[in-house]
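Okay, so here's the structure we're looking at.
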Amino acid sequence: MDSFTRKKGKERAQDTESVDNPFIVRFKAPANETEEERIRRVRAFADAQKVSKQIDENLAESKKKIDRRKKAMKILLLGQAESGKSAVLKNFRMAFTPHQFQKERGVWKTIVQLNLIGSVKTILNALENNDSSEDLLSSITITPPQTPPTDDPVKRNHRKLHLRLSPLLSVETNVNKMLSVDAVASKDICVRAGSGWKSKLGFRDSTRSSFESMELPTHSQSANQEDLSRMLAASKDDIIQLWGDPEIQELLWSREIYLSSMPGFFLDEVARIAAPDYEPTDCDIVRARVRTVGVEEHHLIAETVANKGSEFYIADVGGSRGSRWTWVPYFDDVQAILFLAPLAFNQMLEEDPRVNRLEDTLMIWREICANVLLADCNIIVFFNKKDILQKTLESGVQVNRFVPSYGDQPNDVPSVTKYFKDRFKAYHKRLSPKPRAFISHETSAIDTHSTIALVIAVHDGIIRNNLQRSDML
Ligand SMILES: Nc1nc2c(ncn2[C@@H]2O[C@H](COP(=O)(O)OP(=O)(O)OP(=O)(O)O)[C@@H](O)[C@H]2O)c(=O)[nH]1
Ligand SMILES: [Mg+2]
C-alpha cells in the first residue's frame, strides 16, 4: 500500500476542509478504482505536487524581488539616441559593481571588433558606390565589386583590398546573425533589450534568479567569436592600409563621411584591437557602441566597501524617436532621472535628418519637466560630450550658424555650455509642476576617471535627498 492510499482515511477526514481545494478534489480516489488507475493517479498527483511546489517557490522569489525593488533606489536614464545613456550606465557599473562588470569584458571585446568592422564596411561601401556611381545610401554589401577590371592602379589596389577583406565581412555577418541584430536601417549594432544577447557572447549573469532563462553560448556561437578574432588578426594590415590610404580619406571627405566622429570609431587603433591577445580597456568599453532598443533594466548590488549591499535599479532606455513610448511605464516609481543632454548644436537626428539634436533634446526636456507623474522626482542633467563640443569649436564651427538665437556670444566652451544650461534651466523653472532644484553637471562619459567619481557623488546625493524628503534627517 503506498503512502497516498494509506492516507485515504485521513483524506476523508479532511474532505470538508478540502472540498474547496481543486487540487485535492482533482486527485481524490474514485470509487472502484483499479490498481492501474490508482498508479496513474498517484503518479499524476506527484507530478502536480512538484509543479505546484515550483510555482510556490517562483511566487516567493517574485515577492522577494518586489519587496527588494520597493526598498531599492530606482534611477532612469533618459535622453535622445546617442546622448550617452548607456555610456553613463557603464560608468555606474564600473563604480558600484566592478567585479560583475569585469566578467563582461569578453562581450565588449566582440562589440569593439564589430564596431571596427562596421567602419571598414562603411569605407568599402563608399568605394563600391564610387566605382559604380550608385547612391551612397544603398544597402551595405559584403560582396566583392563586380565591375570590370581597371587599368587604374589605385582602383586595382582598392579592389584587391575589398576582395581580401570579404571573408572578414562574412564572419561579421554570422556574428550579427547570432546576436539577432535588428535589420533596421541603422549604422549601429542594434540589439533588443531582454534578448539575452550578452549571454550569447559568453556572459553569465550571476545576479539573475534561478528561474530566469539564461541562454549559454552554443559551440558554434563561441566558434563565431573565435573566427572573428582570427579573421581580424589576419586582416589587420589590409585594414591599416585601407584607412591610411590618402585617396580613400579624400573620398570619405568628399562624401561627408566623418568616420572619426561617429560612435564606435576604433580605426585609429587597429593594430591594438586586431592583435590576437586584445583585451578591451575600460575606455574601449565605454566607447563601444550598441544602440539600445526597448528598455534594459539593470539591478545593481553594490560591491564596493563604501556602499556594500546597497541596491539600485537603473533603467537604460532606447532614445530614438520610435522607442520613446516605452519610457512611460518606468515613470511610476522612479526616484531620480539622469537626463543626458549632448552638447551638440550642429548635428541632426539620425532618424530624422531635418531635426537638430539640440531642438529635439529641448523638446524631450520640456515634456519631462512638465510631466505630473515626475513632479516629485529628482532630475539631474548631464550636459554630455563636452570633449566633442571642444573639438567642434576648435575646428572653427560657429554656433550661430546652427542656432541663430545664440547671436554674437563668444564661440567658446564656457559660453556655449552656459547657453545650453540657461535654456534648460528656464524650461525647468517654468514647466515643473512644483518648485524643485535644477541640478546639472558637465560630462564627457568616455572619461571614465571623472565620470565614475561623478556617478558616486550623484548616487550619494540622491540618497541624501530622499532621506531629507522622508524627514529622516
Ligand atoms: N566622445 C564622446 N563620446 C561619447 C560620450 N558619451 C557617449 N559617447 C559615445 O557615443 C556613443 C553613443 O553613446 P550611447 O551611450 O550608446 O548612447 P545612448 O544614449 O545609450 O543611445 P541609444 O541607446 O541609441 O538611446 C557611444 O559610442 C559612446 O561611447 C562623450 O561624452 N564623449
Ligand atoms: Mg543606449
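Any Cβ shown, glycine's included, is placed from N, Cα and C.
Binding of GTP is annotated in TrEMBL for N384, K385, K386, D387; the matching candidate from A336, A437, A445, A453 at the same site is A445. Apart from the site residues N384, K385, K386, D387, A445, the chain places the Cβ of G84, P342, L343, F383, I388, L389, E442, T443, S444, I446, D447 no farther than 8 Å from the centroid of the site's Cβ atoms, the recorded GTP location.
K385 (GTP binding site) carries neither a helix nor a strand DSSP state and counts as coil. A Cβ distance below 6 Å to any atom of ligand 2 is met, among the binding-site residues T292, D387, A445, by T292.
Of all the binding-site residues listed here (T292, N384), it is T292 whose C-beta has the fewest other C-beta atoms within 10 angstroms.
The Cβ of K386 (GTP binding site) lies under 8 Å from the Cβ of L343, V413, T417, E442, T443, S444, each on the same chain and at least six residues away in sequence.
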